[in-house]
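Report on the following structure.
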Amino acid sequence: MEKKKLVLIGNGMAGVRCIEEILKIDRDLFDITIFGSEPHPNYNRILLSTVLQGDTSIADITMNDWDWYRNNNIRLFVGETVVQIDKEKQQLRTDKGRTVSYDELIIATGSKPFMLPVPGADKKGVTAFRDIKDCEMMMEYAKTYKKAAVIGGGLLGLEAARGLLNLGMEVDVIHIFDYLMERQLDPTASKLLQRELEKQGMNFLLKKETAEIFGENRVEGVRFKDGTEIAADLVVMAVGIRPNIDLAQESGIAVNRGIIVNDYLETNVPHIYAVGECAEHRGVVYGLVAPLYEQGKVLAEAICGIKTHPYEGSVVSTQLKVSGVDVFSAGEFMEGEGTSSIKVYDELRGVYKKVVVRAGKIVGAVLFGDTSEGRKLLEMIHRNEPVSDAFQLSFFQANSTTQSTVATMADTDVVCGCNGVTKGAICQAIVEHGLRTVEEVRDCTNASRSCGGCKGLVAELLEYTLGETFDKQAMKETVCGCTTLSRDEVIAEIKAKKLKYVKEVMSVLGWKTEEGCSKCRPALNYYLSMLYPGEYVDELESRFVNERLHANIQADGTYSVVPRMYGGVTTAEQLRKIADVAEKYNVPMIKLTGGQRIDLLGVKKEDLPRIWAELDMPSGYAYAKALRTVKTCVGNQFCRFGTQDSTALGIEMEKKFERLNTPHKVKMAVSACPRNCAESGIKDVGIVGVDGGWEIYVGGNGGTHLRAGDLLCTVKTAEEVIEMTGAFLQYYRESANYLERTSKWVERVGLEHIREVIFAPEMRKQLLERLEQALRATTDPWKEIVETKELQETLFTNLQAKVPVNR
Ligand SMILES: Cc1cc2nc3c(=O)[nH]c(=O)nc-3n(C[C@H](O)[C@H](O)[C@H](O)COP(=O)(O)OP(=O)(O)OC[C@H]3O[C@@H](n4cnc5c(N)ncnc54)[C@H](O)[C@@H]3O)c2cc1C
Ligand SMILES: NC(=O)c1ccc[n+]([C@@H]2O[C@H](COP(=O)([O-])OP(=O)(O)OC[C@H]3O[C@@H](n4cnc5c(N)ncnc54)[C@H](O)[C@@H]3O)[C@@H](O)[C@H]2O)c1
Ligand code: SF4
Ligand code: FES
């Protein structure tokens, strides 16, 4: 018997999932054809945020590759748009003039990003954030331009903003309301979120309505209805989406906001169905995958002629995909008539939890800072569960994160919200199919296949189910999405195979992308330079812009110059030179830095080499992943409390370790007594003078993640301080992940472990030998550029470098 012809319009997440469900039911029922306007096989749109944030690559987000279509005998037409449906003849026509008939037709055309209809919205440099093309455009822009404006402080806008920050851009988020994510959060959670994102570097302009996007040939800024304006090289519109219904409407299918469907996803036209963001069910259009996948399952069963439950709508929950921020929202998250709420607000821990209750049952929830109860709350909402005394008690117990979440879950509890996979289903699959990794669970059950937010829970379930046989190694963190190897594996391979160049590492170790990404290139460059001191030639194109130009780029595109002043001590002669240079080159601002140095701000790029030459002082490395400064207090030379000569030790340390490249920046301080005027407690290495010696603190941080340093040891002499600091630094260089500050590294590997390594005389000796080798290979970069004409030309005159501009 001839198979029925099934055609899918829209090769996106909802439509293809529905096809997968159909194939699961009966592979041979239909002759399937799929049309997709985009030139790609089906990919995970959700992970575009992760691609922009540098955590994965475009190559990694394909969900069904070309082979999948071939193996399932699906005719696929990509880059081809269906422009007409003839419902009488049961035929459709594409923009390439192709005509195809159908017995059953599924429309899954998704949404279109809403572009504000303001003057200038069509200018070069204005984009939506919806597909691979938009994502690539933003990544390309970030290589050349500096200032981004994101219009819309919803989920998409904030995820885009985080990505652009990661790409080295400065980001203003423009939001029309007075608080962010008003569609998911209440004002309290929203303000906590804003505070956290501001710490990450985002700038918010609230209650701002865009009037115009201006610029000559391309976008130069955004003007608001209140008359104010901001500069911008890139404008990202993230102000919501509109169901893509044009084709259906023009073909005479009933539409409202979306294509109207019943509980079996049928439109008003026989044999035509709609699923996904383009469909409107009981007056609701969904914009998250979980409900779309539920729809797809119902439609698949219905279309295959299986008796199925009707689709009755979904309670949705959301989580923001920005690292370091835990936010969860579900159901009716705002109190209203007939509802009351239970709230817990722990200002110290930055945790806020709220559940909204109607007639004794939970109908909504908002969590900030600790979202571990999100899944459980969502289940309670789904099951219409009453609020018991036991629930209230556990809700008020703040430290729920310390418990293993999976152990307390019921088998029917959903672990993966996007794909509706329960704990029971995952455990059963692990046992029945002998699954060992998150990826295997994903391939078998779909859990963690969409936003990836449940990966942690899936890993916990593996550990919980497999017990001792669980292989933690399999859960490794890879360098980035371009490889399946972890940092340690990459380093081991580099050593074993004696790989010497970034490109060589990528090629020999089977990188998925030819060029790598902004995460792996600088990391590989660092690992190679650490492994082959004096031999490896630094690859400029793999460096972040500040390190390439040996100066920090400023908000207005100018640069800053910070000369080295050992221990924060200067002379009249140095000050005179600095003043002369500042006058001669019209330096608009001279400022003292937090690290006790002088910063010449607002310097033009082309003036940098001349200024360095005239200053004739070493680079202060204020831009580098290296030792920045050693801050010192005045010490016993002048201070009556001083027990030691902190200034002399600070100068000695700075002279010793300057220019040493490290996984991230390193700050040091020396105070001559426990009053700690140089703030030694919040430095990567902080030295405090005590009676008869020095205390060495490590892993302190005064930045976003405030952390007091741990006492590593107490020593008697300045020589011992230098020796212990050197061993600590070298071990950090050799074992930390690139871009991991000492504060994180110390926490990850543990102080005891660090002590075990560097207190062992033989290991310390070896570390110090390798450190000396690395130090011998360093040179002053400013001097090198001043003395090398070619470098000046390539870097400072011919600066449309084809290399990434990153942070
Ligand atoms: C950056 C980003 C992050 C997101 N993060 C999350 C998240 O964390 N969690 C979550 O649940 N959701 C998230 N979403 C939303 C989620 O991606 C969408 O809900 C989902 O992709 C919608 O699936 P769909 O199949 O309905 O539409 P789409 O995935 O948009 O697919 C529709 C496809 O149809 C094609 N098409 C349209 N018209 C035609 C035509 N006439 N002919 C042929 N082809 C056509 C389109 O080109 C498109 O490829 C995110 C979205 C974005 C953009
Ligand atoms: N983590 C996730 O679940 C996730 C991530 C990204 C996108 N998405 C989905 O993708 C879709 C698009 O996301 P979105 O954030 O664009 O949609 P959205 O509708 O959720 O949010 C748009 C935001 O833009 C604001 N806005 C509207 N007009 C504005 C204006 N003129 N100026 C400034 N702000 C304005 C709105 O107040 C709203 O907060 C949604 O369906 C969303 O659920 C989900
Ligand atoms: S840390 Fe102690 S010695 Fe140094 S300046 Fe402060 S009080 Fe004086
Ligand atoms: S919760 Fe999104 S993939 Fe599991």
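Placement of Cβ uses the backbone N, Cα and C atoms for every residue, glycine included.
The domain 'FAD/NAD(P)-binding' annotation in TrEMBL covers 5-281.
If you look up TrEMBL, you'll see 317-383 marked as domain 'NADH-rubredoxin oxidoreductase C-terminal'. Mean pLDDT across the domain 'NADH-rubredoxin oxidoreductase C-terminal' (317-383) comes to 89 in this model.
Here TrEMBL flags 414-463 (among others) as domain 'BFD-like [2Fe-2S]-binding'.
Residues annotated as domain 'BFD-like [2Fe-2S]-binding' in TrEMBL: 479-529 (among others).
DSSP assignment over the domain 'Nitrite/Sulfite reductase ferredoxin-like' (554-616) gives 27 helix, 14 strand, 22 coil. Per TrEMBL, domain 'Nitrite/Sulfite reductase ferredoxin-like' is recorded for 554-616.
Annotation source TrEMBL lists domain 'Nitrite/sulphite reductase 4Fe-4S' at 624-761.
The feature [4Fe-4S] cluster binding site is assigned by TrEMBL to CYS633, CYS639, CYS673, CYS677. Around CYS673 ([4Fe-4S] cluster binding site), the C-beta neighbours below 8 angstroms that are at least 6 residues distant in the chain are CYS639, PHE641, GLY642, THR643, GLN644, VAL688, GLY689, VAL690.
Neighbour density for CYS677 ([4Fe-4S] cluster binding site): within 10 A of its CB lie 18 other CB atoms from the protein chains shown. In the three-state DSSP reading, CYS677 ([4Fe-4S] cluster binding site) counts as coil. The annotation siroheme binding site is assigned in TrEMBL to CYS677.
In the structure as shown, the Cβ atom of CYS633 ([4Fe-4S] cluster binding site) sits within 10 Å of 28 other Cβ atoms. Scored on C-beta pairs under 8 angstroms, the neighbour of the domain 'BFD-like [2Fe-2S]-binding' (414-463) with the top count among 5-281, 317-383, 479-529, 554-616 is 317-383. Helix, strand and coil counts from DSSP across the domain 'BFD-like [2Fe-2S]-binding' (414-463) read 28 helix, 5 strand, 17 coil. For the domain 'BFD-like [2Fe-2S]-binding' (479-529), the partner stretch with the highest count of Cβ pairs under 8 angstroms, out of 5-281, 317-383, 624-761, is 5-281. DSSP states for the domain 'BFD-like [2Fe-2S]-binding' (479-529), grouped as helix (H, G, I), strand (E, B) and coil, give 28 helix, 1 strand, 22 coil. The domain 'NADH-rubredoxin oxidoreductase C-terminal' (317-383) and the domain 'Nitrite/sulphite reductase 4Fe-4S' (624-761) are not in contact, since fewer than 3 Cβ pairs between them lie under 8 Å (pairs 6 or more apart in sequence). Note: the domain 'Nitrite/sulphite reductase 4Fe-4S' (624-761) comprises 54 helix, 34 strand, 50 coil (DSSP; helix = H, G, I, strand = E, B).
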